[in-house]
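Undergrad: As listed in Swiss-Prot for this protein:
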| type | residues | note |
| --- | --- | --- |
| CARBOHYD | Asn279 | N-linked glycosylation site |
| REGION | 343-467 | region 'Linker' |
| COMPBIAS | 357-367 | compositional bias 'Basic and acidic residues' |
| COMPBIAS | 374-403 | compositional bias 'Polar residues' |
| REGION | 468-932 | region 'Catalytic' |
| ACT_SITE | Glu575 | active site, charge relay system |
| ACT_SITE | Lys707 | active site, charge relay system |
| ACT_SITE | Asp783 | active site, charge relay system |
| CARBOHYD | Asn850 | N-linked glycosylation site |
| ACT_SITE | His882 | active site, proton donor |
| CARBOHYD | Asn886 | N-linked glycosylation site |
| MOD_RES | Ser888 | phosphoserine |
Amino acid sequence: MLSRLFLAQGRFCSSHPWEVIVCTLTLTICMLSMNYFTGLPRICGWNYECAPQVKESSLSSDVLVMCIMRTLAVAYLYLQFTKLRTTGSKYILGIAGLFTIFSSFLFSSAVIHLFGLELTGLNEALPFFLLLIDLTKASALTKFALSSTTQNEVVDNIARGMAILGPTITLDTVVTTLVISIGTMSSIRKMEVFCCFGILSLIANYFVFMTFFPACLSLVLELSNSNKYGRPVWHLGRFAEVLEEEEDRKPNPVVQRVKMIMRTGLVLVHAHSYWLASNDTELMSRDMLYDGNLLTDKKIDPTMPLWEFYATRLWPPTLDYILTAILATVLASHYIFFSDLATYPEKRVSIMEGHEVVNPGSDHEDASEVETIGTLSSSPSTSDVRVIESMTSRTQACQTDPVTASPRNSRSSSPVSSHSVKPARFTIGSSGSGSEDEEEEVIKEEEVEWVLETELKAPRPMPELLEILNVGKGPNALTDDEVQLLVGAKHIPAYKLENILDNPERGVAVRRQIISKLLPITDALEKLPYASYDYSFVSGACCENVIGYMPVPVGVAGPLLLDGQEFQVPMATTEGCLVASTNRGCRALRSAGGIHSVLIGDGMTRGPLVRLPSAQEAGAIKQWLEVPENFAAIKERFESTSRFAKLKSIQTALAGRYMFLRFKALTGDAMGMNMISKGTEQALHALQTMFPNIEIMSLSGNYCTDKKVAAINWIEGRGKSVVCEATVPAHIVQQVLKTSASALVDLNIHKNLVGSAMAGSIGGFNAHAANIVTAIYIATGQDAAQNIASSNCMTLMETRGPKGGDLYLSCTMPSIELGTVGGGTVLPPQSACLQMMDVKGSNIHGSGLNASQLARIVCATVMAGELSLMSALAAGHLVKSHMKHNRSALNIASPLPSIDEVATHRRSKSVDFSALKESSAAAPGTCTANAS
């Protein structure tokens, strides 16, 4: 019951950090302001002169003892932060810890004000207050938070941590409060003051830990996470390990029961002391804190503001306070600047801006193994990048690529060793004025929080490695070299590295190291990036034996006006001018009033192959399936495998005693190959139950037909069947497309129809539909191989209008195979491209609407590309545009002016060829300007 309450409370605080922080600070300010403006009626030393005996008692405090107490309090606080440092980034945890201490002190002061007590005795009670602060539980809760990989997991893990830690902390707080409260009955005034402040600070600390700290921790981690994809920079490890560690530290049930008994006994003691013996024992009152003798006090006029009076009392400029401040400054500086090397000598190398830091205790040999990768230009434009100073193959969770630099970097190009590594990164954006060598060796600042965590030493023996892997601390305690040894000895399958290491990025890095040693050129993978990618979406879904990811440029064509709605269409391609040409077609069709589309068919297919003893039996089964009642029975079995699968038809064909069945079904917003395969398998089992002689030879008999040129897809359709049409007025054809409707119609007939027929084409009656289909497929995470059938397209053109100057064109695409859920659509970049067109995931208004809309967009974009390319061919601009804008080298010399251009200058005495040359030239790769 308590765990559930703390779970809900932790989830609320961590999911609403701003609200909790603002409410806590507002409550603190309100409590402080209650008595700050009104003031206490009697404040010793400010508006009243205390009795002589009180002053004497105050002045007789042992300064040496208090100085020792303050020193111990500062040292204890430093040790608490050092413990907290072991869980992760010292800056994140330091900020959270400082927030906690500051807020606890501030809130304690507010509580003291709320109870009507003054703060003049808090300066001596401050060390006691600091000694009561225990950051162990804060460290435990922080470990729960740092084991998260996303911000949503941060909220969940903080809530789980609160559910585990909350009951224990509550019990400890109650018992400690009751124990300290015994001191309030000691009749020793100084002890009563200390215990009073201690009780109030415990209550304040408990409130802050339960509310302010979870909210602050959640907010700090959210603000510090600069990686949109991939693991956050503060990611610590597996949640299960943190949970297991906390379970190991769980208090003994016997101790918990003893605490409960102590709590009950202490409550009875206090009840007896305060309630039953009230006549013999004085209650704790204000007189304990400012003055108990009302008759001997003398009222005086304040000589300073109340806040200044409290400040001088809390921190007077005396020698013991100055020594305490110096000690606190030294320890804080040591914690911030030297704690890495002093506390963890195994972290020999730190990542800094252009400097190399080596542990002084390391010998020359170890230091010589540290590589320094150059720095980028120091210009302000490169301030957002940091340089990885050193990388070795001994990193635990952040291993780099085992590829050596090229000879131009003054490093050996010999085969890879375990101590020569170089990170591979894919960086987008300008790199300032640095040289090319420097540009290749820099990465963004948020990508480098990497330090070495192990000594540079030889791998341990194989038996010890197996014990660590199977029984000990697990793969996290192994270096990359040791993991490679286990892979080479077949103890770890290479394809399971991500799962066994429980760190996908490290698994990919280790696999790259293994593969690099097998390549003829060891640094072949240097330019293939792998870091800062969320492989959790890849494993078991999109790719196996991953060694990186392939960045492909993504352009946008649009706005595409389709059925009254505008779309920006993403296209991933390396073919120059493709996006620009498609963009020009979109502009022309938008000016013409847009494109209209119609979905004429929908259904993914799977065509299994079965064999029967004779053709006669095969024919009988074919006729049996044509009976509606029998088809309904198979349909019911088929649809039992998925709530989205809806079987539409079963088409059969015989080849002797072999029977091919083509199951066609709706698959919702998924492309549906896996879905329909499961349904087909169950349908075949049902058919086999009724006809035992059926022998299922293959779930796919190429009668589908998938990823192969086939007339059946062109005729019967597969996936989505879409037709798009538009009418382009004559003035747009002439002004935008630079041609005429009659020329386009004539070219389309002889090129797309006659030419394709002469080539024996099946579904290829178009100019370049596959270009657009493939570019959109790669951008949106579709199966790129399915462009074979999806690119089936017939482009038709006709003249329209009174004078035949308008152009009517249509594109018919009967087999667009795509989906908006599953497969590569789950990858974050591809998902973003789907989101651009508002077709990401399943449609909440109807199953399959998003996939159908995407198919319409594909067909409409194909039509825009067809119109632009055909216009370029008709006008004779194709070769010229590609020679200018689709070459990797510098542009060839610009051609001489055309006859038409010369004619416009006939009235001039001379022709300015240089001006014409400048107007026709363009920078490399800027075909968008001319095509838009």
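Residue 1 is the first one shown; counting continues down the chain.
Quick reminder: no glycine exception, Cβ is built from N, Cα and C everywhere.
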Undergrad: Sort out for me which one of Lys707, Asp783, Asn850 has the most neighbouring CB atoms within 10 A, since those are the recorded positions we care about.
TA: Asn850
Undergrad: List only the single closest residue to Asn850 (N-linked glycosylation site), chosen from the active-site residues Glu575, Lys707, Asp783 by CA-CA distance.
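TA: For Asn850 (N-linked glycosylation site), the spatially nearest of the active-site residues is Asp783.
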Undergrad: Grab the pLDDT values for the region 'Linker' (343-467) and give me their mean, rounded.
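TA: Reported value for the region 'Linker' (343-467) is a mean pLDDT of 42.
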Undergrad: Between Lys707 (active site, charge relay system) and Glu575 (active site, charge relay system), what is the CA-CA distance rounded to a whole number of Å?
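TA: Given the Cα positions, Lys707 (active site, charge relay system) is 23 Å from Glu575 (active site, charge relay system).
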Undergrad: Rounded to a whole angstrom, what is the C-alpha distance between Glu575 (active site, charge relay system) and Asp783 (active site, charge relay system)?
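TA: Answer for this pair: 19 Å between alpha carbons.
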Undergrad: Around Glu575 (active site, charge relay system), how many other CB atoms lie within 10 A of its CB?
TA: 15
